[in-house]
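So that you can see what the record holds, here are the features copied from TrEMBL:
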DOMAIN    B:5-188  domain 'Electron transfer flavoprotein alpha/beta-subunit N-terminal'
BINDING   B:Arg210, B:235-236, B:249-253, B:266-273, B:Asn287  FAD binding site
Amino acid sequence: MEILVLLKQTFDTEAKVTVKDGRVVDDDVTLVINPYDEYAVEEALKIREAVGGTVTVLSVGPARVDEALRRALAMGADEAVAIEPPADADEYVTASLLAAWAKDRKFDLILAGNVSVDTGAGQTALRVAEALGLPHVAAALKIEIAGNTATVHRDAEGDTEIVTVPLPALITAQQGLNEPRYPSVPGIMKAKRKQIARLSPADLGVDVAPKTAVTSVYQAEQNRLNKMIAG
Amino acid sequence: MARNILVVAEVRNGAIRPVSFECIAAGREIAEGGAITAVLLGQQGVDASELIRRGADRVVVVKGDHLANYTPDGWLSALQQVYLQEKPDVVLMGHTGIGRDLLPRFAMRNAAGMISDAIAVKVEGGQVVFTRPIYAGKAYATQVVKDGLIVATIRPNNVAALEADPGRTGDVSEAEAASVHLRTVVKEVVRKATTGVDLTAAKVVVAGGRGVRSAEGFKPLYELAEVLGGAVGASRAAADAGYCDYALQIGQTGKTVTPDLYIACGISGAIQHLAGMSASKVIVAINKDPDAPIFKVADYGIVGDLFEVVPLLTREFKALLG
Ligand SMILES: Cc1cc2nc3c(=O)[nH]c(=O)nc-3n(C[C@H](O)[C@H](O)[C@H](O)COP(=O)(O)OP(=O)(O)OC[C@H]3O[C@@H](n4cnc5c(N)ncnc54)[C@H](O)[C@@H]3O)c2cc1C
Ligand SMILES: Cc1cc2nc3c(=O)[nH]c(=O)nc-3n(C[C@H](O)[C@H](O)[C@H](O)COP(=O)(O)OP(=O)(O)OC[C@H]3O[C@@H](n4cnc5c(N)ncnc54)[C@H](O)[C@@H]3O)c2cc1C
């Protein structure tokens with residue numbers, strides 16, 4: 001089974017968010033693999049362990065995403081690829097780049113996160129499925145592969161839907177799918193020696209302009225009464 | 001500039017979802033004289049003219065047996081069919097389970113820009129400007145679609161729906177959906193939502209944390225939710241401990257809720273939990289630790305044992321409302 005995981009690097013969920021000059025400041029912020037994408041990596045590894053094959057992780061992001069990709073390699077992924085983000089990339093641009101890379105590579109299964117915990121549009125993975133003409137199942141809580149069919153338990157607003165989908169397909173991970181492993185020491189050593197390929201949009205022949213623009217960013221304010229009532 | 005708006009309406013438990021009315025109201029904000037068409041995809045057995053009374057100009061009901069259950073292939077094909085017929089400038093839908101699943105693919109199919117999970121929308125300098133929370137509600141961004149079709153999902157409970165106007169009339173027409181091969185097949189739906197009220201759209205949420213201590217401990221929370229017509233939610237610690245289903249989890253890796261009233265019971269107030277509920281209109285926290293961080297974001301804090309306070313609240317509200 002050839003498996004591709006779409007992985008985004010995000011702010012750590014504890015990170016303090018500061019807005020300066022209309023931008024979220026990202027110096028000195030701890031960056032992690034988007035938690036949902038970590039479930040996707042774990043699931044890919046589990047499926048590979050069960051049926052064999054390879055796991056490739058792919059990310060659109062600046063040089064620092066290598067750190068997240070290297071962690072996925074240390075968890076056990078076979079190969080990692082980064083794509084340089086064009087300025088002001090939006091979900092349309094990001095998905096176009098991811099799809100362009102995946103298009104001719106014949107993956108049986110593409111796993112991704114349900115949503116990113118930072119800018120959180122929840123669009124990118126589903127756009128990739130559309131661009132590739134693949135069926136998708138979102139918010140998976142359980143995935144079983146038998147032959148060319150995946151049976152997926154998915155979270156549908158609190159209810160669980162059990163659906164089948166023919167492969168190749170794209171499936172996004174919901175919390176509860178699995179418990180991601182920690183990289184082992186040998187895994188970390190092995191990952192250190194691996195090359196992470198970096199491509200530009202031009203390498204992929206993709207030249208698309210963003211469809212959306214961010215016009216302002218501002219900090220949330222809290223105005224709470226803070227009235228205490230004796231218990 | 002007049003904009004024609006298409007609102008994809010949704011039915012849940014036999015009724016049109018409030019967020020669909022909220023989308024119509026959002027459409028009104030930006031139509032500038034354009035028409036609002038609401039579309040129901042395969043969902044029969046509701047009074048479609050309710051959408052007109054809530055501000056739509058027309059309703060199109062798309063029929064097709066294959067649309068009864070949501071599937072991405074079925075609904076996307078039906079929506080695309082309506083889109084090509086109506087050629088609206090804007091397509092809106094609730095940021096619901098289905099809205100998030102359907103509209104990103106629809107946007108990609110039409111090479112369109114999409115704004116997800118907007119909490120407000122207005123016209124500014126001739127442009128449609130959406131506001132949405134980013135970084136789990138720690139910041140906000142305003143975003144626009146630069147040109148062409150505008151696609152957006154609207155977060156439930158944030159845009160006020162229009163009052164039903166019994167005098168409003170409009171055309172309700174039917175269309176037949178072309179048949180399509182469904183690749184994903186729904187085999188079974190295991191119902192878990194417990195109070196019957198959808199957590200993400202509930203006006204009142206009673207949430208329990210590790211302090212609830214067991215599945216049994218959630219009982220008084222269900223009773224309070226029932227009296228208030230609300231839904232029950234949970235922290236991740238409660239879900240991790242198996243006290244409740246993950247489907248109830250609220251927070252950065254769970255659901256986002258913006259009810260009028262959020263009652264946090266035995267929840268400490270970790271940043272990841274706040275991410276999912278800090279935009280609630282009124283927050284009440286019940287915790288036995290007076291220093292629990294949840295009190296910093298609460299409008300009303302009650303220091304005490306939830307197993308005493310929650311039943312007390314249930315009794316008081318029962319008396320008040322009953
Ligand atoms: C205010 C603001 C300013 C921004 N500024 C910039 C900017 O200057 N430059 C820029 O590049 N982006 C910028 N972005 C971010 C960009 O729009 C999104 O990060 C990107 O399009 C992905 O969308 P998302 O984060 O909502 O991910 P979602 O759509 O929520 O992600 C869903 C899933 O898709 C996959 N996925 C998402 N993104 C990637 C990725 N990059 N690589 C691989 N897989 C992915 C993951 O599996 C993920 O779990 C900005 C966003 C905002 C809101
Ligand atoms: C990547 C990541 C993502 C996460 N995502 C989420 C998320 O989406 N949602 C989420 O909730 N968490 C999330 N977390 C976990 C989060 O950090 C906290 O661990 C969690 O929210 C704690 O849950 P809690 O408040 O129920 O438990 P605790 O922190 O253990 O708090 C229990 C509280 O109950 C009080 N208490 C105990 N007994 C009683 C009683 N009888 N009466 C009244 N009060 C009582 C205690 O004083 C205490 O304050 C995430 C963490 C990470 C790292």
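From the backbone N, Cα and C atoms, a Cβ is placed for every residue, glycine too.
Bear in mind that TrEMBL entries carry predicted annotations, made automatically and left uncurated.
Taking 8 Å as the upper bound (exclusive) on CB-CB distance to chain A, the binding-site residues B:Arg210, B:Gln249, B:Ile267, B:Ala270, B:His273 give B:Gln249 in sequence order.
B:Gln252 (FAD binding site): 25 other CB atoms within 10 A of its CB, across all protein chains. Least crowded of the binding-site residues (B:Arg210, B:His273), judged by neighbouring Cβ atoms within 10 Å of its own Cβ: B:Arg210.
Long-range neighbours of B:Ala270 (FAD binding site) (same chain, six or more residues apart, CB within less than 8 Å of its CB): B:Ser235, B:Gly251, B:Pro293.
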